[in-house]
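Here is what TrEMBL says about this protein:
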{"type": "BINDING", "residues": "GLU67, ASP84, ILE86, ASP87, ASP206", "note": "Mg(2+) binding site"}
Amino acid sequence: MPRKRFDFAMQLVKNIGSELKRLEKAERIISYKTNELDLVTQFDLEIQEEFVRAIIEKYPSDTILAEEKGLSKVKPSSATWIIDPIDGTANFAHGLPLYCISLAYYENSNPVFGLIYSPKTDELFSAFHNDGAFLNDSKIMVSRRNNLKESIITIGTSTLSSMELLNLLHENVRRPRVLGTAALQSAFVAAGYSEAFIGYRLNIWDIAAAYIIVKEAGGKVTDWSGKEITPWETEKMLFSNGLMHKELCSLINTIDF
Ligand code: IPD
Ligand code: CA
Ligand code: CA
């Protein structure tokens, strides 16, 4: 039953989240994955391991797709958990307090529920299919701002084209921001802290939970042409409150990515 899994996931994220919170001052050992920009710490691996161990113990026949330790190529099945143990690893590695845990549960590749926990602020964003989105115990909705000039728009990676986009947003919105954590940036759209998040070349584990949380909060998720997408289409994503979606797509499309 997905409901039982949701209750289990809530408790698990709270438990492992409070451990991550306690690690605030612990020394991070940084290693590199594919290149010097692709960081991982011992805690990314340990946190993932704890999730995997707990899920396997409770639901041994479920599938687990996760960022680290060779679990990133796993094919989804009828019951699949998708884990990003720490999203915003570079921030975490430096002690910058913008990072989170992202855990989602999918059935036949469709999102059923998602959880995003920010240890520094003790905020747990969650959503269950057709049940709305929550921040801790309170229901959340995307913001009602409908004017770019009054909006905060966050963007993802720092490629050259993203810098051009940043410049363009600088001229057209109240404040563009680059925060370094796709999951939390999306959750911020769901909570109405910002109006949109523009993601580029993401992976399913970055946004598996965010996708359902933003939608359940009344937001819109599309590619950069404005077409509704599944969470698996992670190349060019736009998460927004839905009120300036077209204008944002037009702005993004003036840049040659
Ligand atoms: C990264 C962050 C970042 C995004 C990258 C992701 P990680 O995830 O979400 O904001 O721009 O594409 O890989 O490595 O910190 O889990
Ligand atoms: Ca990530
Ligand atoms: Ca990660």
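A Cβ is built for glycine as well, from the same backbone N, Cα and C atoms used for every other residue.
Just so you know, TrEMBL annotations never went through curation; they're auto-generated.
GLU67 (Mg(2+) binding site) is surrounded by 23 other CB atoms, counting those within 10 A of its CB over all protein chains shown. The least crowded of the binding-site residues ASP84, ILE86, ASP87, judged by other CB atoms within 10 A of its own CB, is ILE86. What surrounds the Mg(2+) site, by Cβ distance within 8 Å of the Cβ centroid and not counting GLU67, ASP84, ILE86, ASP87, ASP206, is the set ASP44, ILE83, PRO85, GLY88, THR89, SER102, ALA182, ALA183, ASN203, TRP205 from the same chain. Packing around ASP206 (Mg(2+) binding site) is summarised by its Cβ count: 26 other Cβ atoms lie within 10 angstroms of its Cβ, all protein chains included.
In the three-state DSSP reading, ILE86 (Mg(2+) binding site) counts as strand.
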